[in-house]
Structures are given as C-alpha cells and as structure tokens.
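If you scroll down you'll find the structure; I have some questions about it.
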Amino acid sequence: MDSPRQIVNFGPGPAKLPHSVLLEIQKELLDYKGLGISVLEMSHRSSDFAKIVNNTENLVRELLAVPDNYKVIFLQGGGCGQFSAVPLNLIGLKPGRCADYVVTGAWSAKAAEEAKKFGTVNIVHPKLGSYTKIPDPSTWNLNPDASYVYYCANETVHGVEFDFVPDVKGAILVCDMSSNFLSRPVDVSKFGVIFAGAQKNVGAAGVTVVIVRDDLLGFALRECPSVLEYKVQATSSSLYNTPPCFSIYVMGLVLEWIKNNGGAAAMKKLSTIKSQMIYEIIDNSQGFYVCPVEPRNRSMMNIPFRIGNAKGDEALEKRFLDKALELHMISLKGHRSVGGVRVSLYNAVTIEDVQKLASFMKNFLEMHQL
C-alpha cells in the first residue's frame, strides 16, 4: 500500500517520517537486500550492519560537512542521557569542574540540573521569569574557568530557537540540537560537541547522534559509565555495546531522503515557509491566537500558542483540538507544563500538511471571533 495516509501528524517527537522512507522500511522489513533476514535480526558485528552504520555516519558527515577532526557516534539514552554524558565527559577538562549553562527553556533547565551532580553549574544570565526569549549574549556572564558552555538550540516545549551560534569567546561550545538537527545548515567547527536525538528531524526514537571533537576525548570523570564515555564509544565505532541497530538504519534512510531533497539548506527554506504560514495567522488574528515568544526568538520547529487570550480559554482550546482531530490532524496539544496548542513542523511535515492546518486555523478564527 503506497497511498498517502489521511492522518497529518504534528507530533513533537517521535514525529512524522517521510512517506517514502516508511515504504522503504516496509519493503525491506522481512528481507533486507536479499539477505533473507530483517535488520531487526541482524548481528551488530556483521559486515552487513557495518555497511549500514558506516553509511549513516557518512551521510551525517556529508550533510553537515563535518570536519575530519570530529568523531560521529551513535548512542542510546536519548537527549536525557546526554544531559549526564556531557558533564561526565567534559566537566573534568579543567580542575575546577565547573560549566556555564544558558537556560532558555525546559530542556536546557533539565540539562543544567543534571550537570550539578558532577560539578558546579553557572547560569550565565539572570533567571528568566518565563521562557519567551533568548537573553542578549553580550550580557552573558561567562566564567573563564568553565570547562564548557552549554545551550539548547531549540526548546520544543516553549518554542524558543537560536537562529545564531553564540560567541563564547573561544570556550568549548556544547549544543543540544535534538529538535532542529539538519533543519538548517550548521558550522560544526564552531562546536566541541553537538548531540541530537533522532526522533524529531532525522529518524525514529532509540538513537542519539553525537558529534565530538577529537581533542575532547579522554577526559571523562572516573565514575563515567563506559556506555556514556565518548572515547570508549568512538574507539569502538559505536559498537562498545549492542547499538540501536534498527534506529540507525532508519536514520540512514531519512538522511538519504534529506540529501535527495536538497540537504540542510533546502530544509531551512521549507521550514521558513511552513513556520511563516502559521505565525502570520497568529499575528493577524487580533489576539485570538497568542504566541508568547518574542518574534526574533521564535522557533521554526515548534510553535506554541494559546487561543482566546494570552492565558488561554481552555474550553476554546479543547474545541480546537477536538475539531482538528475530526479533520485527522493529531498531536497538536501543548506540553502539559504550558498547556494550549503546539504545532511541530519537523522536516517530514509537508507544506500541504501545514496548508491544511492553516486553513483550519483561519476557519476556526472566523467561527469564534466576536
């Protein structure tokens, strides 16, 4: 069956996968390339799986122009695993065992809290009353003795995105790119470590890609579990323990799809078009739809908004979500910590998908506006 599905999935992750990728997975599920077995059954030590993992790594390197002095590794544990792995691997780079954190939303806050288990954490700006903007980097209080500076490129819950790489005065920069990885080009050479869970823009849940500069390997704290130690995993070619084989395979297929559709630059162009369609409706709704994020820091990936007023009319929001569901549009409910509505526009979400939502939003506005 290759007929398009009726459901439009705006899920925040796990998220929509390209239809052609799903068909490829379906085609190869029982018999991978004539081997008579599924990737689900394949030994991670086999030459056939080595081809899969090498292909996925090579595509990451090609699509992001990853310099040769960086390792690309595939790990388990998701973004939360990396909240621990980053300090365990890097906070010991300097004797003071401290790190700078930029906290612009729920995920960077969670990362900073986890890092406190392993050293001293310095939040480089005054605590934000609400996560609706990125504090001006020129005001950040960077600690010259910090082992690294950490930030989250896109906050999925609050819809705040960096559209720039912060200048951290030569410090080692670590970035959680889980929710905008390969949605735009990135200069990898500006970072010490980049990590991203695959389940938003580049695949299915279960695998996290980590890009780490060679000179940062080998400084893990003594208590760092081996499965989280970058040097151990890099020297083992991500095979220190049994990796998430099927998720790595799916990621390879999605990366191939991104490559065939113009790469990161084309993804950014599409993301701009898709997000602008929704933001325009919000901004022209005379306060019916309200996005709390400052316009210059709005995310192209995740658009949170309230309906009726800035605090949200919950009855109206429920009606909106129920009606969207009737129209086969799913996973639009805002995160439980903020409420409201959230539209996630990852790479596989098409312009046609967004047009369908935009049309519904306009109709809903006309029906309920005074």
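Note that Cβ sites are derived from N, Cα and C of the backbone, with glycine treated the same way.
Keep in mind the model is a prediction, meaning the values are calculated, not measured.
In case it helps, Swiss-Prot gives these features for our protein:
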- H44, R45, H335, R336, R342: O-phospho-L-serine binding site (BINDING)
- G79, C80, W107, T156, D176, Q199, N241, T242: pyridoxal 5'-phosphate binding site (BINDING)
- M1: N-acetylmethionine (MOD_RES)
- K51: N6-acetyllysine (MOD_RES)
- K127: N6-acetyllysine (MOD_RES)
- K200: N6-(pyridoxal phosphate)lysine (MOD_RES)
- K269: N6-acetyllysine (MOD_RES)
- K318: N6-acetyllysine (MOD_RES)
- K323: N6-acetyllysine (MOD_RES)
- K333: N6-acetyllysine (MOD_RES)
Enter the number of other CB atoms within 10 angstroms of the CB of W107 (pyridoxal 5'-phosphate binding site).
21
List every residue in the same chain as K269 (N6-acetyllysine), at least 6 positions away in sequence, whose Cβ is under 8 Å from its Cβ.
G262
Please report the number of other Cβ atoms within 10 Å of the Cβ of K127 (N6-acetyllysine).
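7, counting other Cβ atoms within 10 Å of K127 (N6-acetyllysine).
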Helix, strand or coil: which one is K127 (N6-acetyllysine) in, per DSSP?
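Assignment for K127 (N6-acetyllysine) reads coil.
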List the Cα distance (Å, whole number) between T156 (pyridoxal 5'-phosphate binding site) and H335 (O-phospho-L-serine binding site).
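T156 (pyridoxal 5'-phosphate binding site) to H335 (O-phospho-L-serine binding site), Cα-Cα distance: 9 Å.
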Spatially, which candidate from the recorded positions H44, K51, R342 is nearest to C80 (pyridoxal 5'-phosphate binding site), comparing Cα atoms?
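Considering only the listed recorded positions, the nearest one is R342.
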If you count, for each of the binding-site residues H44, C80, T156, T242, the other Cβ atoms lying within 10 Å of its Cβ, which residue has the minimum?
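It is T242 that, of the binding-site residues H44, C80, T156, T242, has the fewest other Cβ atoms within 10 Å.
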Quick check: in three-state DSSP terms, what is K269 (N6-acetyllysine)?
helix
Sort D176 (pyridoxal 5'-phosphate binding site) into helix, strand or coil using the DSSP assignment.
strand
For the recorded positions K200, H335, R336, R342, which one has the sparsest Cβ surroundings, going by other Cβ atoms within 10 Å?
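Each of the recorded positions K200, H335, R336, R342 was scored; lowest Cβ tally within 10 Å is R336.
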